[in-house]
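According to TrEMBL, the transmembrane segment annotation covers 32-51, 86-108, 120-139, 151-168, 188-211, 223-241, 247-266, 278-296, 302-322.
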Amino acid sequence: MDHVADNTRGGTLALFGTWLASPWHRTPDDEMVLPLCINVVLSVVGFGVVLRAIPALSSMFIEAGLFGRDLCKADRTKKVPESMGMVSGTVFLVMMFLFLGVPFGQHFITSSKPFPHAAFSEYLTSLLSICCMLFLGFADDVLNLKWRYKLVLPTLASLPLLMVYYINKGSTTVVVPRLLRAWMGGTLNIGVLYYIYMSMLAVFCTNAINIYAGINGLESGQAVVVGASVAVFNVIELGGFQAKSHFFSLCVIIPFTITSLGLFIHNRYPAKAFVGDTFTYFAGMTFAVVAIIGHFSKTVLLFFIPQIFNFLYSVPQLFHFVPCPRHRLPQYNKKLDKLEPSVVEFRDTSVRWQMMVALRLLNHLKLVHLEEGVGEDGKLCRVNNLTLINLVLVLIGPQHEGSLTTKLLVLQGLSSGLALFIRYPLADLFF
Ligand code: UD1
Ligand code: MG
């Protein structure tokens, strides 16, 4: 499905188990086990640092003007430190720099093979791209950039990695589905389109996480679930043809997931910290980067099913076919202490008739809640803001903020299960 060689798999989990069980009887491939163990230990240390650093640095962020108001609470006067993704992101990068010497330094001691310059440069530029995005996300938090810049920035941040991918002669070949093989052959080299796809992946991942946000713990929580899912996928693939690529991806995704868990603990309901666009961009870029270095840039999208749905559902508002307010997060109902879908109002004449027909159809299918003929003069329409969060509230009724986040994270986890099902049993039918 992904890369040509990406298709081949072995009894990976069993192999991984054998490694862990017999550390003193290593075969050449076992060179991965010790680095992975050190990686996990460093990540756990990073988790502890994030957990302690966030409360310690909160007042400093607030004093610097980096704070937001929790819009889904009765008391909106409280200042919640914003951009806390900077803390988890910095700790992640420090852990990655400390870890750098492990797989590559170990190479000098235990291996007689030539030094893996290609992998080393790919690894370094991955960190450069992630670091760039952390910086650009922070710039967005401080400067409130316009949407057009939000689209350009991830493309720019992905350039160093794409350049190294090109220099290292990274594959641009995709597997052709069985049905089309008679006409197109088994594989197809799509050349420059592959590079365009990879840079668009960075744009998609960063923005898709950023717009699936607004309730406590969702931004960081989805990143933890997707990160853990990618890690599981990498571990499964460790026994395959592309073991080295998945190993490097794993070395990035483990510290990312564990440090983000530290952030989630402060960001979950009731939030003591907001992650900021610093985190959403940094997280999105990390997923794009691991997918590129791990050679699973198409499979990774399977772990973004809720985000893809949320993006498609948001299209009418993102492209202003329907008005899009600054915030689309749910509305707090003080009496119930629950969240309800937030709505946007517009004159029926201000929206194209095709859009109105689409909204009526979606209303019929219970996929939006549309009210027509409201307002004093009866000429207003009211529809829920088109986000997955609001849709869930339309479908299951008002929810407490904490339990809504939990439900959405469970949905994310179930989607990952579906993703693995599509990637393995189902993909084998088609590829
Ligand atoms: C994106 C969404 C916007 C959503 C916002 C929430 C689109 C096009 N944009 O905008 O609809 O309202 O994210 O993050 O879909 N906040 C809370 N509770 C939370 C998280 C955030 O109240 O749990 C509020 C805080 O006031 C915080 C602000 O959202 O300061 C952060 O918003 P920001 O990340 O700047 O919004 P965008 O990413 O531009
Ligand atoms: Mg945001």
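The first residue you see is number 1, and the count goes up from there.
Any Cβ shown, glycine's included, is placed from N, Cα and C.
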> Can you find at least 3 Cβ pairs under 8 Å between the transmembrane segment (86-108) and the transmembrane segment (278-296), where each pair is 6 or more residues apart in sequence?
Replying inline: yes
>> Tell me if the transmembrane segment (32-51) touches the transmembrane segment (278-296). I count contact as 3 or more CB pairs below 8 A, with pairs 6 or more residues apart.
In response: no
> Between the stretches 120-139, 188-211, 247-266, which one has more Cβ pairs under 8 Å with the transmembrane segment (32-51) than any other?
Replying inline: 247-266
>> Are there residues at least six beyond either end of the transmembrane segment (120-139) with Cβ under 8 Å to its Cβ atoms? List them, or say none.
In response: 83, 85-86, 89-90, 93, 96-97, 100, 104, 145, 153-154, 156-161, 163-165, 167-168, 202, 206, 248, 251-252, 276-282, 284-286, 289-290, 292-293
>> With Cβ-Cβ distances below 8 Å as the criterion, list the same-chain residues six or more beyond the ends of the transmembrane segment (247-266) that contact it, or say none.
In response: 32, 35-36, 39-40, 42-44, 46-51, 54-55, 84-85, 87-88, 91-92, 95-96, 99, 103, 119, 122-123, 126, 130, 217, 220-221, 223-224, 227-228, 230-231, 234-235, 238, 272-273, 275, 279, 283, 286, 289-291, 293-294, 296
